[in-house]
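Student: Below you will find the structure I want to go over with you.
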Amino acid sequence: MPFHHSAQNITIEDGHILKAELANMDGEWVEAEFDLNDCIGNNNGAFEWGGGGFANSAEEISFELEGDDSVPILRANLWNVEGELVGGDINLAERINNNNGEFTFDGHNQEEEQQEEEPEEEE
């Protein structure tokens, strides 16, 4: 389950440490933190799941809960290979989950899974 459905007081510290109180299976609120640098990278000016160290090449990092569903969006200006800053954002709910009061990263790529499931055309 995306973490923000069972979280409160969600913040980002130092541009890359996700902090929140997460509900565990007993319904208790547990303080949790997760280093986003461990699972998000910068691929030529764009956020990339499964990479690492995005904050080392980012400026103006911000975090907001957006819309009626309070979707957790991380935004930053990321350096590309031409030395230009490119604005980008990433929905943390796509891959960050709450597992019994602890943040977990779902490294599984759904697009790759769908491609693997599609049968190849025979000639």
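Every residue, even glycine, has its Cβ placed from backbone N, Cα and C.
Just so you know, TrEMBL annotations never went through curation; they're auto-generated.
TrEMBL lists these features:
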DOMAIN    2-105  domain 'Cyanovirin-N'
REGION    97-123  region 'Disordered'
COMPBIAS  112-123  compositional bias 'Acidic residues'
Student: Kindly report the helix/strand/coil residue split of the domain 'Cyanovirin-N' (2-105) according to DSSP, in that order.
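Tutor: Secondary-structure breakdown of the domain 'Cyanovirin-N' (2-105): 14 helix, 61 strand, 29 coil.
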Student: What average pLDDT does the predicted model assign to the domain 'Cyanovirin-N' (2-105)?
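Tutor: The answer is 96, the mean pLDDT of the model over that range.
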